Amino acid sequence: MASFEMEAPPHHPKTADEDEWSDSPVEQVRLTVPNDDDPTLPVWTFRMWFLGLLSCVLLSFLNTFFSYRTEPLSITMISVQVATLPIGRFMAAVLPKRKFKLFGLWEFTLNPGPFNMKEHVLISIFANAGSGTAYAVGIVNIIKAIYRRKISFVAIAYWGLNLYSAKTFPIFSSHLFNRNGGTYDVSSIVNDKFEIDLPAYEKQGRINLSVFFALTYGLNFAAVMATLTHVAFFNGKEIWGRFRASYKSKTDIHTRLMRKYEDIPGWWFYGMLAITLVVSLALCIFMRKEVQLPWWGLLFAAALALAFTLPISVITATTNQTPGLNVITEYIMGVIYPGRPIANVCFKTYGYISMSQAIGFLNDFKLGHYMKIPPRSMFIVQLVGTIIAGSINVCVAWYLLTSVANICQDQLLPANSPWTCPSDRVFYDASVIWGLVGPKRIFGVLGNYGALNWCFLIGALGPVVVWGFHKLFPSQGWIKLINIPVLLGATAMMPPASSVNYNSWIVVGTIFNLFVYRYRKGWWQRYNYVLSAALDAGLAFMGVLLYFSLGMEEKGVSWWGSAGEHCDLAACPTARGVAVDGCPVF
């Protein structure tokens, strides 16, 4: 009788070379991942599909919904892992164990036995597909809510030196300003073709940024170059060695255990790539006026994503931090194809998110590898989850854009309105800086911030200096732990993120992953990830509970640290004679 489970290929006997690899060479993996597997555990169960699809839909809805609010809440798959464990065990206890036949060919049951770890992992992968908002929805948000264009589904420094006139603008802001410290009127420099109106731009003058916003871009320039040189100097030899060793079939215990399951055919990946490329090319060719992106821009974005996936994957694997390509893709397209804001954000989305999603899926596959999940099951769950999550993202976004008056418009919203869309505001400002106006008029000879281009060189040389000191003082093990890409890339989410978003992360991470791991390794092995899940899940559950119990009735709790910047002048200029509504005049 046929079943839904994948049949295992013939067993491969262990070779003599594999005796050396009876365990993982990574200590953290040895401490947390079991070295055995039970291939008889059911994977494609009713419980997995029900809880997985439900988790994907809920996380897609909630994360998209909360992303428009002033204090965005991100609910991760860890919350789902915590919630679905007791639910899965409850279903195993109450669901009937009767077997059914489907079309007379397949046999299945609602309850194949105890709720198992492999079901739990696949539910988590489903949830992970819905745990983030669709980056491309930002394009819809800025066109409809901030640029105020009608669209439908039919056609879809240093403060003390006053560097860059810093005192004329707020210290911490993601907004764009004119020379007098007022808000820049972007709509006046956009013509009917959604391109820059140069006479209007010359009349209004150059765009100015807060010093914090400008330096954040400089640090992003440096982080991209630092990623390449860091991986080349610190990991290049290892990457080459592992690449050569991959042909010798020298594998660790987990890879040998995974040989019991059929691998994913290469044509599944090639087929998905071909389908997505064809659809995207059709979008660029037949809707060129709407998306502004030429066909060659799409192919160039895909090539950039391919080139950066390996080095950034190395940084992710060793530090759990993923430097983004958002700024470098904006910069490149702004130089090549200026004056077209939607082309720029489309190029950024294809180049940056293709790489980011690839690394995210690799993370999922690594989890499945350690938990011994059949690879084909992983692929199908990722595919279905992504389609569902993307659909929910767009539906929720469209509902909010058409039902909340003046959403994302800070100046037009009522006081203390939560619908300020901080991430979309940064997305919009980036489309103006890099796409509409172009880097030449901001970071080039026609702009105010040309000196920030030196950050590319500084970023490239930073890891070389660290590598040099490591070679000079090999006995000082702490030197090689200095990771310049992580230090520089930490500002990638600022703005809209501020220091309050980083403080707890730094404190908790330092305590448990440095001191506890070093001096109480047994406790770390048993409780570290349980505590991490509890902290993440507790925050997510309370955030959702507070919104639906208080927020919907427009009653809120004033938490310390969540209202304003706790500095009266953080959002105000301090230069003499600059008048801005709500700010003192010096």
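Even glycines carry a Cβ here, placed using N, Cα and C.
TrEMBL does not curate its annotations; it predicts them automatically.
Marked as region 'Disordered' by TrEMBL: 1-23.
Among the features that TrEMBL reports, transmembrane segment is placed at 46-66 (among others).
The transmembrane segment feature in TrEMBL is assigned to 73-95 (among others).
According to TrEMBL, the transmembrane segment annotation covers 121-143 (among others). Outside the transmembrane segment (121-143), and at least 6 residues removed from its termini, the chain residues within Cβ reach (under 8 Å) are 43, 48, 51-53, 55-60, 63-64, 67, 74-77, 80-81, 84, 88, 149, 151, 156, 342, 345-346, 349, 352-353, 356, 360, 364, 367-368, 371, 373, 377-378, 381-382, 384-386, 388-390, 392-394, 397-398, 401, 408, 421, 423-424, 427-428, 431.
Under the heading transmembrane segment, TrEMBL lists 211-234 (among others).
Sequence annotations record features per position, and here TrEMBL assigns transmembrane segment to 267-286 (among others).
The annotation transmembrane segment is assigned in TrEMBL to 293-315 (among others). Long-range contacts of the transmembrane segment (293-315) within the same chain, counting only residues at least 6 positions beyond its ends with a Cβ under 8 Å from a Cβ of the stretch, are 227-228, 230-232, 235, 239, 277, 280-281, 284-285, 321-323, 325, 328-329, 332-333, 336-337, 342-343, 346-347, 350-352, 354-355, 358-359, 362, 483, 485-486.
Residues of the same chain lying 6 or more positions beyond the ends of the transmembrane segment (379-401) and with a Cβ under 8 Å from any Cβ of it are 52-53, 56-57, 59-61, 64-65, 68, 122, 125-130, 133-134, 137, 140-141, 144-145, 264, 268, 272, 361, 364, 407, 419. Look at TrEMBL and you will find 379-401 (among others) tagged as transmembrane segment.
For 451-470 (among others), the entry in TrEMBL reads transmembrane segment.
TrEMBL lists 500-517 (among others) with the feature transmembrane segment. Counting only same-chain residues 6+ beyond the ends of the transmembrane segment (500-517), those with a CB under 8 A from a CB of the stretch are 490, 493, 523-524, 528, 531-532, 535, 561-562.
The transmembrane segment feature in TrEMBL is assigned to 529-550 (among others).
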Candidates 73-95, 211-234, 267-286, 451-470; stretch with most C-beta pairs under 8 Å toward the transmembrane segment (529-550): 73-95
Range from 73-95, 267-286, 451-470 with most C-beta pairs under 8 A to the transmembrane segment (211-234): 451-470
For the transmembrane segment (73-95), distant same-chain residues with Cβ under 8 A (at least six beyond the ends): 46-47, 50-51, 55, 59, 62-63, 66, 110-111, 113-115, 119-120, 123-125, 127-128, 131-132, 532-534, 536-537, 539-541, 543-544, 547
